[in-house]
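A.B. asks: The structure follows.
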Amino acid sequence: MEEKPNYVIQVEEELPTLLRKATTEEMVGFDNYKENGHPFPHSISRFHPSHASTTTLNGQETSRSIDTMEAHHHNYNETTPWTHQRKPSISMPTSPNVLMISDPTTSLSSENHKNSGSTGKSVKFLSQPMTKVSSLYIESGNGDDDRRQSHDNHHHHLHRQHQSGHHQNQNQAANKLKDNRYNSFKTWSGKLERQFTRKPASVEPEAPNRNNQNLNTNEAMPVDRYYDALEGPELETLRPQEEIVLPNDKKWPFLLRYPISTFGMCLGVSSQAIMWKTLATAEPTKFLHVPLWINQGLWFISVALILTIATIYLLKIILFFEAVRREYYHPIRINFFFAPFISLLFLALGVPPSIITDLPHFLWYLLMFPFICLELKIYGQWMSGGQRRLSRVANPTNHLSVVGNFVGALLGASMGLREGPIFFYAVGMAHYLVLFVTLYQRLPTNETLPKDLHPVFFLFVAAPSVASMAWAKVTGSFDYGSKVCYFIAIFLYFSLAVRINFFRGIKFSLSWWAYTFPMTGAAIATIRYATVVKSTMTQIMCVVLCAIATLVVFALLVTTIIHAFVLRDLFPNDLAIAISNRPRPKQNSQHRWLDQLRNVSSENIENYLKFTDSDSSQSNDVEACNGKTQESDSS
């Protein structure tokens, strides 16, 4: 049999009129390539009518295209010498569906009808990538075909790499948007973020999160959970067996790490403004010649500090309300909600005389309104006998909820008010006495009382020192009532100050700033006492206590700067707000005795069964039965 030359077999549908016209006119550059006046066989347009074969439904095919291809190939072989053997190249369709033969007249009749009525305008068509191959053809190729095919494959490979990289970047962005680990603490859940994506989000079932199952934002966190999950004098350390609902392997958003105890800085700085104002204006300290510009500088710093901290915490309330709510139910943190309002009272007391001398009366009522709201809530819980009764939640930070009454009474009496300051003084003194006795008793239920000394104990000094000055303003003289409160404060102050190893081995936190204003309050009360009792001893006490208070505040300022800018651990993850509502399930201890009963005799097992009805733990029963068995064996 004579060997047939390489040819192209092509199954095509009937072409539209426009393409048929373009190929018959042999437009330059339109699907053809000529060199030395001879068209290459492989580059002859497969859209040419002479090459297109029509397949009928009966499977009959015209041979005009085959004859034409043979003629072109024969002429080209006579004129062009071949220097190498050509390798056949086969292009297969992308799917077997394209091999289905259909009637081209019925499928393209409407298209031909539309094209027949088109105008004669020249239209430039740009080639587009084809997603499917509509025909099966076998064509022969030479070295140019191989190079062209490898070039196309290279571009196709680069295109796929670009698409895969683009899809990978889109997936990373989508995963970042779908990160819902903090949504349980957000005021808005974050599900609306899907509306800002460029492509519509597919409805996918959310994977169950074990942490979210332990987080119920509709219920208040019971106080027992804080005691069970946290430890330490400030209940900020997570117990080893507990888990948190937020990731602990990375830093949380800044607002989640921003505690309410940050307002303690406002208490320390604003109380210093009052102390330096008293040093500059009081009679016993005239010999120091303290200028008033120190008071002015500290007062403006206090205003800027309060505005900054309050603005940041307001953002936390707006964006992460669940975190604020957990701080409010925290048995320690709830007392720091008095700190911003006490700081405002300190600003009113320490305002420089050059700015204003007489404050309006309505300002006092405005500042004391938050105290009424918080005290009705907290004092009611102390008295109700529930899980937040005072004998259960008593800790030294409760002095912050009491000292505000005395500071308010001091400010009101300084402004010329009478009944209001007496009211708050009476309420504060009643609850201070109850709190003082409860803390001194150290009941077994007071789990938050530190075993060793801690800066939190300085809050014992705050209430009596401020109460002595408030009563002196209410009565108009530093009489016996004021002196009793002052002497209590001084005794507590010295009983704590004689401990030289007070701060050794204690981790620094921002709440330490709240423990500095009691020292400042004791120094100011000493100046008031020296005004009545004039002596060299009282003047020395004024200078020493004021110097200690200033040095402590300066030391805390340096420590805060180091932790903020050098160590960068001023705001660690606030584990106190991330505990779960439900305790961690305890490991099943029913199988602890299996290891002890594997290699024992039947007598030991019978002896163990005698103890199964007792109320003691199983491990102790096993040890007891084993011990008795060993004793009987030895005897």
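Using N, Cα and C of the backbone, Cβ positions are placed for all residues, glycine too.
Note that the structure is predicted; figures quoted are calculated from it, not measured.
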A.B. asks: Going by Swiss-Prot, do Phe185 and Asn335 end up on one side of the membrane?
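C.D. replies: Going by what Swiss-Prot records, Asn335 is on the same face of the membrane as Phe185.
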A.B. asks: Please give the sequence-distant neighbours of the topological domain 'Extracellular' (277-299): residues at least 6 beyond its ends with Cβ less than 8 Å from one of its Cβ atoms.
C.D. replies: 269-270, 347, 350-355, 524, 527-528, 530-531, 534, 538-539, 542-543, 546
A.B. asks: Using Cβ atoms and a strict cutoff of less than 8 Å, what residues sit near the transmembrane segment (397-417) while being 6 or more residues removed from its termini?
C.D. replies: 234, 332, 335-336, 338-339, 341-342, 345-346, 348-349, 358-359, 361, 364, 367-368, 371, 374-375, 378-379, 390, 424-425, 427-429, 431-432, 435, 439, 456, 459-460, 462-463, 466-467, 469-470, 473-474, 514
